[in-house]
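All remarks here apply to the structure that follows.
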Amino acid sequence: FAAINQVFPAEEDSKKDVEDNCSLMYLNEATLLHNIRVRYSKDRIYTYVANILIAVNPYFDIPKLYSLDVIKKYQGKSLGTLPPHVYAIADKAFRDMKVLKMSQSIIVSGESGAGKTENTKFVLRYLTESYGSGQDIDDRIVEANPLLEAFGNAKTVRNNNSSRFGKFVEIHFNEKNSVVGGFVSHYLLEKSRICVQGPEERNYHIFYRLCAGAPENIREKLYLSSPDNFRYLNRGCTRRFATKETDKQILQNRKSPEYQKSGSLKDPLLD
């Protein structure tokens with residue numbers, strides 16, 4: 001039996017969920033977690049706590065959750081008028097900037113694998129799609145992410161695409177409130193990973209991509225071959241992420257024995 005000071009009241013209907021945890025009749029740790037769990041079981045991965053958004057990583061793609069139609073639906077809508085969504089947070093920040101004439105911040109935090117990187121990309125996509133200037137600068141801001149991830153993300157035991165550095169992203173707007181540029185500051189890069197990785201972990205993605213897909217002239221210039229031939233790569237996992245189609249494009253002499261024996265790593269988001 002639990003001590004009386006560890007017993008808290010619960011909601012009457014255990015199957016009912018609310019979009020904002022502040023709407024719970026009895027707000028405590030247990031009811032908050034239960035509400036998030038019930039919503040998660042219905043593929044509702046976002047929940048508010050007032051103007052804070054809680055996101056639970058589903059580890060699979062939820063159809064149409066981030067489509068262009070959904071982006072249009074959230075444009076100009078006050079927080080709480082539509083179901084919880086990262087787009088609603090992005091739009092609120094934009095509207096506050098527009099009204100208050102002050103820079104706004106969105107802090108994305110959580111443990112490894114929580115979905116910080118993906119939600120940051122959704123914020124960027126929402127702002128550039130909704131309030132872009134129509135120039136190629138919008139695409140360049142979004143397309144910079146894969147390059148950053150190649151040099152700063154790595155496979156860990158908990159996350160196939162774990163960011164191993166901190167990131168501060170600025171989006172710049174002109175006097176007409178259109179996106180005109182951006183700037184990314186990086187800090188606290190996990191430099192030790194370059195030299196040492198765990199048995200099921202990898203170095204940064206860029207090294208494996210170079211080994212797998214570099215043109216022949218670059219391969220010869222940099223003496224590239226299978227990851228097993230490099231001290232900084234062969235102490236960890238030497239398999240790559242690939243689909244059936246991309247696997248056929250990788251030459252046999254660029255595949256490690258581990259890769260040839262066990263096949264490629266699988267991840268829908270990375271593949």
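Placement of Cβ uses the backbone N, Cα and C atoms for every residue, glycine included.
Listed in TrEMBL for this protein:
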- 16-271: domain 'Myosin motor' (DOMAIN)
- Gly110, Glu111, Ser112, Gly113, Ala114, Gly115, Lys116, Thr117: ATP binding site (BINDING)
- 246-271: region 'Disordered' (REGION)
- 249-263: compositional bias 'Polar residues' (COMPBIAS)
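Long-range Cβ contacts of the compositional bias 'Polar residues' (249-263) within its own chain (Cβ-Cβ under 8 Å, at least 6 residues beyond either end) map to 211-213, 224-228, 234, 237-240, 242. Looking at the domain 'Myosin motor' (16-271) alone, the prediction's average pLDDT is 91. Note on the compositional bias 'Polar residues' (249-263): DSSP counts are 10 helix, 0 strand, 5 coil. Sequence-ordered, the extra residues of this chain that approach the ATP site, with Cβ no more than 8 Å from the Cβ center of Gly110, Glu111, Ser112, Gly113, Ala114, Gly115, Lys116, Thr117, are Asn57, Asn159.
Taking Cβ-Cβ distances under 8 Å and a sequence separation of 6 or more, the neighbours of Gly115 (ATP binding site) in its chain are Ala55, Val56, Asn57.
Comparing local CB density within 10 A for the binding-site residues Gly110, Gly113, the maximum falls on Gly113.
Reduced to three states, the DSSP call for Lys116 (ATP binding site) is helix.
Neighbour list (Lys116 (ATP binding site), Cβ cut-off 8 Å, at least 6 residues apart, same chain): Val108, Ser109, Gly110, Ser163. Sorted by the number of other CB atoms within 10 A, the binding-site residues Ser112, Thr117 start with Ser112, the lowest.
According to DSSP, Gly110 (ATP binding site) is assigned to coil rather than to any helix or strand.
All protein chains considered, the CB of Ala114 (ATP binding site) has 16 other CB atoms within 10 Å.
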